[in-house]
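Down below is the structure, laid out as structure tokens.
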Amino acid sequence: MRRRRKLLGSSAMAFLFGACIFTLLPFSFLRCVQCQLDALSPPPLPNPGTFDLLTQVAHARLDNLTTELLSSKLVQEYSFCIEDPKADWDKAFNYSSDWNFFTACMLKVGDASRRLCTAAEVEIYFNNLLNGMNRARPNRNCNSTYWVAGCEPGWACMTDTEEQVDLRNSQEVRARVTDCQSCCEGFFCPSGITCMIPCPLGAHCPLGTLNKTTGICDPYSYRIPPGQPNHSCGGANIWADARTNREVFCSAGSYCPTNTLELPCSSGNYCPMGSTGEKRCFRLTTCDPKTESQNIHLYGVMLIGALSTLLLIIYNCSDQILTIRERRYRKSREAAVRNVREKTQARTRWKSAKDAAVKHVAELHAQISGRFSKRMPMPLNPEEINILNETETEMSDDLYPIMSTDGSRMPQQSNASSTGEKTESSLHIHTSDEKEDILGKFDIDSRNKDVKNKVSKGKDIHTRSQIFNYAYTQLEIEKAQQQQSKNLTFSGVLSMATNDEIKKRPLIEIAFTDLTVTLKGKNKKLLKSVTGKISPGRVTATMGPSGAGKTTFLSALAGKAVGCNVTGLILINEKAASVHSYRKIVGFVPQDDIVHGNLTVEENLWFSARCRLSADLSEPEKVLIVERVIDSLGLQAVRTSIVGTVEKRGISGGQRKRVNVGLELVMEPSLLFLDEPTSGLDSSSSQLLLRALRREALVGVNICMVVHQPSYALFQMFDDLILLAKGGLTVYHGPVREVEEYFAGLGICVPERVNPPDYFIDILEGLTKTSSSSGVNYEDLPVRWMLHNGYPIPPYMRTNSTGTSTFVMNNDQDHELHDSVMEEQSFVGEVWQHVKSHAAQRHDRIRHNFLQSTDLSNRKTPNIFLQYKYFLGRLSKQRLREAKTHAVDYLILLIAGACLGSLTSADDATFGFGAYTYTIIAVSLLCKIAALRSFSLDKLQYWRESASGISSFAHFMAKDTVDLFNVLMKPVVYLSMFYFFSNPKSSFADNYAVLLCLVYCVTGMAYALAIFLEPGPSQLCAVLLPVVLTLIATQLNGSKFVKTVGSFCYPKWALEAFVIANAERYYGVWLLTRCGALHRFGYNVNHWGLHLAVLILAGVGFRAMAFIGIVTFKKK
């Protein structure tokens, strides 16, 4: 087995075996030709023409043998280091351009073919190199008992017989001990064998010269054997891996056109070690004589400058475009506001003048009627009334013209009475105030119809100015209607209720019976036997002390109770349906202000409106909805302000809270849940928010909200109240105006100058004692409410006697029993119970995420492609506002590239293995840390958006698309320093391709880490994984298990691609180094494209894993 391993290990030298053998065969053939020529006319001295003929014959024979070599099985089996055998053959052993070294050898030793190594001797030499021995293993010619001069390094001997030597013989070592001489120039003669092998192209193999000071044969490292005064320095003695010996390599700063000639590199050119010719330096670079590499740092500086200019142009131009667009948008909006305000003021002035004229006419009529007889009443002048009506009609036409079906203006007819009797009677029937209301209502309705007709035609509203004019005109009409509705008569209320112009929304009523919520795993009841309903068009407040289950109640109705068992009956519009079926028209405002801090107020609202409003809704209607929400929430002053984050201050906390509510209002919900929307707001802000919510209730929205001890003025703005006691029990559920009456019936009266909600909550908390005369304890209130409404009392709340005190005692006993059970439970039992509870919550969360329900909302939201477009626009703005963060990322990459490029240059012997190893670690670490921000910073925003029905796939793909800019730019940024400092032989394009695939792969891995882990652990893994995986992937002498694991690590794929791209640029004398290094690393030169494809596929796989995680483990 050991012998077999050695033979397999010598695979790195296999191509060299064949190359040397087939190279030596022409020299063997020359002996035959030379003998035939000598038989015809033996010359006394060598004739140069004869050697030229021999050279031509040898070249023809070499072409035939080359074809035979390249098609042999030997080359095909060991193609791991040879991608193009023909090209590598020509670059290493094609001496057709200059055969002088062989001609000189024949002139020196005569029959040179008898001194050439056979296949068996070549194998001895390369096995010696593989085993790291200084001398070849003992053989027929050189052993411990028999050692001739040809066994010394740099010397060779002839075969003992004149028979033709079969250079292909790999079984037998021929006797070769006669006529020992120094090795010919252009050949090398290894120690321990008595033959010579031709040096490859790019090598310099002159005769050695004795250095009397050191006793070494320069330029080689061997010495003359002691005790042999007639022995002189020979030729080259070794061609090995550049890691161990570089004696025959053409010196750095010089080039070797042949293997016997070395010339210094001239100015303006550079010559790396092993060069066969000069390489011209690039422009703008300086190359002194004898330069090994060109200084291309200037190109790095130029690339950095070009890259910086490009990034500045992109960021600045994009920012300027956004700024100009927002400025034009703002100007159009301000012009529309100014125009509508001027029209409204003009209408107000006209209305005041009209009222004064009508009053004057009435007074004039009264004076005239008093002077004349009552039998002959004088009618009001019809012309005067006609003038008034015509003027009013003319003004109305100027402001809001009524359009006909063909788009032309319709003439208005006078509504004046033709007879004075009718006019007089109308004046006597109505008072001036009633006439003002009726005329105003008629005016508002006509304006509303005019604008609606214009929108329905859709011909005149297409520019931004016209859209804003329409929106703000509608807002003024709505404000006038609200102002008018304050003092309406009963007939006016009926008229508004039956007005078709007021847009109604689908009505949703939720009724719940015996609603109970129990925490899984711990069997703890958070809500107990809650019965009631919340109705559309009403604002319901849910109140109670801490621990009463208010948020749990809201979550149970909204279908967001995770990790809990919800029992009881919930009916939606008197049907047993899931609230998820109405998800597109149900809004939920969380307790925390979950908004995008790097967007403006208006941008936050617009994104929610575009993604959640009906796709069939026109642009003017969307603008109207957004402007209505901004106006009703009092956000006009901060609409263009950044919301702000923890690091960057933005709008105030109260304004942020209103934006949080506005995100749900702009989607025009039919059912709206709010979890403590007034917490942190002052009284005025809270009333402003409640007025906006009451306006939503007027169009049929069912609003249910949790509030904490509101002020009395705020309390009176609610329609219904749900009051919960500790333990999730209902104390009161009904109209707000009847709550004090109900509690007064129980003997609990609210003292004067005390806020009723504060007083009720203090009683439920036990802070305020009820009066002794009432005979009611605060713990009895839930049972009293059930008895009041005739609800069945659950078994655990029933009393064993006539009073309710037993219930309280039983309830306390239940708590004590539960506590005693918890105390007796072992530590392992508690841990197991906690694990079960956590597993149940995770199971419920996954089930909720994949819950499929029939859509009953009758709303068609934008498709996934439109949402992807909206996400791209939003994310582009966010990235532009994070330009400083990205600039810091690029700067760190530049510094890393400069440091690693300067400290870890691409070593020729290992083809940059070490430098590329550090590159993979640095780039992976920096790119992962930066990519974590894509999903870790806005998890809460994503959870809220996905819960509302916005596409998760559009969100994920848009983020990945925007991040592609960084994926494309970061390799360029890093290579602009690393490549031009380390100066590897591989091209910039090859390095960029590998680094691009690497960055794409690690970015996908960062997505998965950010989604599956919390920010702290994800950052730790992002730092550790590149280091650990790279260490595993670079274990060359590790166990089989370690190597198997390393083959699945992305650093191995990237590192192999880097090394292969660099190794392919080394040829000629470097061929042995290339094959040895690739064999040692276990790389294959043909797998470069495969590894790039694997990196891309890994990036896609990590992204698929991240998407599955973001859909599966998102929180509701």
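The backbone N, Cα and C atoms fix where each Cβ goes, glycine too.
Under the heading compositional bias 'Polar residues', TrEMBL lists 405-420. Per TrEMBL, compositional bias 'Basic and acidic residues' is recorded for 421-432. Among the features that TrEMBL reports, domain 'ABC transporter' is placed at 510-752. Taken from TrEMBL, the feature region 'Disordered' covers 405-432. Annotation source TrEMBL lists transmembrane segment at 296-318, 887-905, 911-931, 964-981, 993-1013, 1020-1038, 1088-1113.
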In the same chain, which residue numbers or ranges, 6 or more beyond the ends of the transmembrane segment (911-931), come under 8 angstroms Cβ to Cβ? 889, 892-893, 896, 900-901, 904-905, 963, 966, 970-971, 974, 978, 982, 984, 986, 995, 998-999, 1002-1003, 1005-1007, 1009-1010, 1019, 1022-1023, 1025-1027, 1030, 1034, 1051, 1054-1055, 1058-1059, 1062-1063, 1066, 1074, 1077, 1081
Given a Cβ distance threshold of under 8 angstroms, which distant residues of the chain, six or more beyond its ends, lie next to the transmembrane segment (1020-1038)? 917, 920-921, 924-925, 928-929, 932, 1002, 1005-1006, 1009, 1013, 1045-1046, 1049-1052, 1055, 1080-1082
Average model confidence [pLDDT] within the domain 'ABC transporter' (510-752): 89
Please report, as numbers and ranges, the same-chain residues at least 6 past the borders of the transmembrane segment (993-1013) whose CB is under 8 Å from any CB of it. 919-920, 923-924, 927-936, 960, 963, 966-968, 970-971, 974-975, 1021-1022, 1025-1026, 1050, 1054, 1057-1058, 1061, 1092, 1095-1096, 1098-1103, 1105-1106, 1109-1110, 1113
